[in-house]
Amino acid sequence: MISTASAFYQKHRVNLLRSSYIILLLATLYNSNSSSSNNKTDKKDSESTVLENKKIEEGKETAVDREEDESSKEELTIVSKHSTDSEDGAIIIDKESKTNHKGGERKGKVDFLFKLLLHDKKCLILFITQAILLNIRTLLSLRVATLDGQLVSTLVRAQYANFTKILLGKWMILGIPASFINSLISYTTKLCAVTINRKVSDFLLSKYLSNHHTFYSVASAESVSEIQDNLTKDIYTFSMNSSLLLNQLLKPMLDLILCSFKLLTSNTSVMGEGTLALGLIVYASNSLLKLIQPNFTRLTMASASLESWFRSLHSNLHSSNEEIALLRGQKRELENVDYSFYRLVLFLNREIKARAIYDVATAFVIKYTWGAAGLVLCSIPIFFKNKPSEDTLQLKEPGNDMTADFITNRRLLVTASSSIGRFVELKRNIQQLRGIRLRLNKFNDLLDANKGDDEKEPRDERCIVEYDDSRIKFENIPLITPANQVLVPELSFDLKHGNHLLIIGPNGCGKSSLFRILGGLWPIRATPNKNHQSKLIMPRRTVDRDCAIFYLPQRPYMGNRSTFREQIIYPDSIEQFKERYHNDYDLGDADLIKILQLLDLEDLVTENMSLLLAQRTSKNDSQQLSTEDNQSPCAIKVRDAFSIVRNWSEELTIGVQQRLAMARMYYHKPKFAVLDECTSAVAPEMEQRMYENAQNFGISLISVCHRTSLWHFHNYLLKFDGKGGYQFGPFNPKERLCNEEKLLELNAILDQQVPLWERKLKDLTIAKESNIIRKSETNLNLFEKIEDPKTSKSNALFNANKGQRITSPTGQETSKRLPLFSQPSSSASSNLLRNNKSLNKKVKTKKEEGKER
């Protein structure tokens with residue numbers, strides 16, 4: 001049985017070993033690049049996160065100590081000042097990592113990135129070309145290894161003629177195609193990265209800016225820094241790593257397979273089995289390395305989030321520099337930036353420690369353990385020779401040179417070892433690529449969840465939406481925020497083209513919410529009342545390439561990298577401008593100048609021409625041109641003034657920006673215009689002209705304005721009370737203003753008189769209470785005198801005359817005057833007693849109330 005198996009093995013030895021090599025390679029590849037990290041590594045990551053939070057808590061407690069060194073003091077100050085942000089930041093990063101990880105586990109759904117790349121012909125051609133070039137380079141590497149063995153063999157035997165022949169005739173000639181192939185591989189790799197970047201960027205940007213609803217919803221759901229990183233840094237990292245992935249994956253596989261096959265056909269009989277044993281050692285050591293492997297996917301995602309947070313703070317500093325400078329908030333902002341950097345440094349320190357331990361173990365195993373095993377394998381034929389005489393004879397034969405075989409095998413084993421080492425490095429790169437892929441998938445899922453259509457407004461299925469270019473009608477439409485806060489349960493009004501609507505109400509009543517629903521930024525909800533039907537009639541965004549409804553916010557948008565012409569025609573492009581005026585710039589610019597003259601903005605054209613003249617003059621002076629080559633001032637045309645690019649948002653005041661935004665509306669001539677306090681920074685005289693010109697252009701105005709001087713431009717009023725109610729109806733500006741003046745006068749009188757009335761009422765109340773208490777005390781004193789026992793023992797009472805004397809019980813006369821009333825009877829005395837008791841209770845009650853006051 002054993003002999004039969006041995007015979008079978010000897011017969012099929014090559015095929016069995018080759019199959020074993022491939023199976024072992026696939027097992028090693030799967031073990032190295034498995035996506036899930038072990039539980040021990042995750043536990044270590046969680047423990048390190050807890051330790052990091054403990055450090056922050058310790059920093060909070062010890063931040064008061066002023067005697068520590070400067071560096072620790074800065075860290076503790078940062079932590080103490082931002083303790084809340086610390087906890088929030090840690091929670092956000094951890095939750096985001098888990099969310100992204102779960103978001104990547106989209107079972108049954110094809111990854112959009114892979115689908116996108118596989119459907120691109122250029123990417124496929126580049127990948128195939130790269131694979132062919134890698135195969136050619138591997139074959140050239142095998143040939144170079146053989147030539148290295150022959151060169152060393154000729155040197156050992158001192159065959160200088162053969163050495164020169166092999167060096168110049170084979171080795172140098174082989175270097176020409178090898179150099180060309182290496183350069184071509186580098187070129188195709190970079191070209192592939194650019195192609196992937198372009199493809200993914202076009203896909204995500206087209207989806208992100210496909211319509212206003214998607215752009216607004218995603219920008220509200222995600223932070224600006226995250227979106228910027230997803231569209232720039234993440235795409236760049238993904239494209240670079242994806243282009244290198246084939247090189248990192250295919251070349252080691254080809255090297256391992258071809259090198260092992262080459263070793264199998266070596267003159268040494270045990271080299272095939274030794275290579276298999278070496279492969280088993282590699283598999284076992286790779287399994288051990290996996291135990292200390294950090295979770296590179298999680299590290300990549302957390303690092304990207306922290307870097308985005310740090311960059312967002314710097315972006316906020318740049319965008320809000322004036323506000324921060326006026327409030328003297330640079331110290332607080334410095335603490336914010338320092339703290340975010342402190343969080344990033346803490347995380348990077350932990351990441352570096354984890355990577356350092358893993359790199360030490362990897363370097364020792366790859367370079368020394370596998371290298372020693374390869375040396376042992378190569379030395380077996382030399383130290384265990386069965387027939388030394390035959391081997392000595394073989395040294396003389398060029399085809400069976402042991403030195404050449406040793407060098408060749410050693411070179412092949414080194415190549416195979418380095419290839420396996422690249423597999424281990426590939427594990428890290430794949431996990432990092434997976435982290436970036438999860439972030440991009442999360443962003444793509446967010447875009448899919450908020451996708452919309454310019455022609456279809458986001459709405460509830462129970463709500464009916466119709467389009468009429470000459471009418472805006474709300475019928476039982478609730479005003480509900482995205483946070484499900486009900487501002488108005490049901491809103492109904494009807495506005496036809498030619499009428500003008502004024503909207504007033506307190507802050508937070510629903511004015512801006514109405515505009516957001518009308519602009520398609522918020523979804524249209526159905527009324528919760530089942531007995532009512534919600535219906536919205538509104539004009540489309542564009543009608544025959546003309547704008548049907550236009551929005552002017554309080555702070556207009558100004559593009560800083562656009563020309564003066566593009567500022568006025570925004571959101572139209574230059575191509576649409578040329579199409580509108582049949583490629584006649586002079587005609588179009590003349591219309592723009594007429595619009596600017598209506599708003600007293602024609603001086604901007606002169607200012608732009610002056611700037612162009614100054615730029616050309618300074619350019620000519622710097623280049624020291626001759627007088628004939630200098631451009632004269634007349635060479636600057638009006639077209640050039642409209643083509644200048646400036647930092648419009650910073651160089652123009654808010655008032656000029658609002659007038660320029662009004663010029664946009666005049667240019668587009670919409671049927672309806674929503675004006676949300678868009679003239680708050682404009683002079684009253686200019687404001688009157690702006691509204692008057694808008695009505696002359698046939699634009700129906702829907703205005704939110706607090707200046708009563710603009711009320712006469714409207715004939716309908718929509719008033720919100722801030723409690724969910726509203727009033728809609730015709731509007732008489734004169735009557736309303738008259739009533740408003742009377743109301744203001746009445747309020748002024750009330751403001752002046754009511755405090756006086758309240759003060760008088762308070763004084764009267766106090767006087768009344770004091771009088772009651774005084775009378776009660778007087779009656780009580782009189783009653784106490786009547787009930788005095790000395791008085792009751794008197795023998796006789798006389799009439800109450802002022803000078804009358806009475807006789808005391810001792811018979812002596814006294815000059816004491818009697819009170820001016822007679823002796824009461826017993827029944828009258830009892831009645832008086834009862835009355836005084838009740839009065840006494842009332843007096844006590846009043847006293848207690850007075851004390852409480």
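Backbone N, Cα and C atoms are what each Cβ position is placed from, and that goes for glycine too.
The N-linked glycosylation site annotation in Swiss-Prot covers Asn33 (among others).
The N-linked glycosylation site feature in Swiss-Prot is assigned to Asn39 (among others).
Annotated transmembrane segment per Swiss-Prot: 122-142 (among others), in sequence order, evidence recorded as sequence analysis.
In this structure, Asn162 (N-linked glycosylation site) is part of a helix by DSSP. Annotation comment: Swiss-Prot describes Asn162 (among others) as N-linked glycosylation site, evidence class sequence analysis.
Outside the transmembrane segment (166-186) by six or more residues, the chain places 130, 133-134, 136-137, 140, 143-144, 147, 150-151, 154, 247 with a CB less than 8 A from a CB of the stretch. The transmembrane segment annotation in Swiss-Prot covers 166-186 (among others).
Sequence-distant contacts of Asn230 (N-linked glycosylation site), defined by Cβ-Cβ distance under 8 angstroms and a gap of at least six in the same chain, are Leu204, Arg439, Leu440, Phe443. When secondary structure is read from DSSP and collapsed to three states, Asn230 (N-linked glycosylation site) falls in the helix class. Under the heading N-linked glycosylation site, Swiss-Prot lists Asn230 (among others), citing sequence analysis as support.
What Swiss-Prot lists as N-linked glycosylation site is Asn241 (among others), and the listing cites sequence analysis. Note: Asn241 (N-linked glycosylation site) has non-local neighbours Asn429, Gln432, Leu433, Ile436, i.e. same-chain residues 6+ apart with C-beta under 8 A of its own C-beta. Under the three-state DSSP scheme, Asn241 (N-linked glycosylation site) falls in the helix class.
The N-linked glycosylation site annotation in Swiss-Prot covers Asn267 (among others) and is backed by sequence analysis.
The annotation transmembrane segment is assigned in Swiss-Prot to 269-289 (among others).
Taken from Swiss-Prot, the feature N-linked glycosylation site applies to Asn295 (among others), supported by sequence analysis.
The transmembrane segment annotation in Swiss-Prot covers 364-384 (among others) and is backed by sequence analysis.
Per Swiss-Prot, the feature domain 'ABC transporter' maps to 472-747; the stated evidence is sequence analysis.
The ATP binding site feature in Swiss-Prot is assigned to Gly505, Pro506, Asn507, Gly508, Cys509, Gly510, Lys511, Ser512; the stated evidence is sequence analysis. The C-beta environment of Ser512 (ATP binding site), restricted to residues of the same chain at least 6 apart in sequence and closer than 8 Å, consists of Asp676.
For the recorded site, Asn560 (N-linked glycosylation site), the DSSP three-state label reads coil. Every protein chain shown contributes to the tally, and the Cβ of Asn560 (N-linked glycosylation site) ends up with 12 other Cβ atoms within 10 Å. Annotated N-linked glycosylation site per Swiss-Prot: Asn560 (among others), in sequence order.
Swiss-Prot lists Asn608 (among others) with the feature N-linked glycosylation site. Around Asn608 (N-linked glycosylation site), the C-beta neighbours below 8 angstroms that are at least 6 residues distant in the chain are Phe564, Asp640, Ala641, Phe642, Ile644, Arg646. According to DSSP, Asn608 (N-linked glycosylation site) is assigned to a helical segment.
Residues or ranges marked as N-linked glycosylation site in Swiss-Prot: Asn620 (among others).
Apart from Gly505, Pro506, Asn507, Gly508, Cys509, Gly510, Lys511, Ser512, the residues listed for ATP, the same chain places the Cβ atoms of Leu487, Ser513, Phe720, Gly722 within 8 Å of the centroid of those Cβ atoms. The Cβ of Gly505 (ATP binding site) has Lys511, Lys719, Phe720, Asp721, Gly722, Tyr726 as same-chain neighbours under 8 Å, each 6 or more residues away in sequence. Per-residue pLDDT, averaged across the domain 'ABC transporter' (472-747), gives 84.
Here the C-alpha separation of Asn507 (ATP binding site) and Asn560 (N-linked glycosylation site) works out to 32 Å. There are 19 other CB atoms within 10 A of the CB of Lys511 (ATP binding site), with all protein chains counted. Compared over the recorded positions Asn162, Asn295, Asn507, Asn647, the count of CB atoms lying within 10 A of a residue's CB peaks at Asn295. In this structure, the binding-site residues Gly508, Gly510 were compared by how many other Cβ atoms lie within 10 Å of their Cβ, and the smallest count belongs to Gly508.
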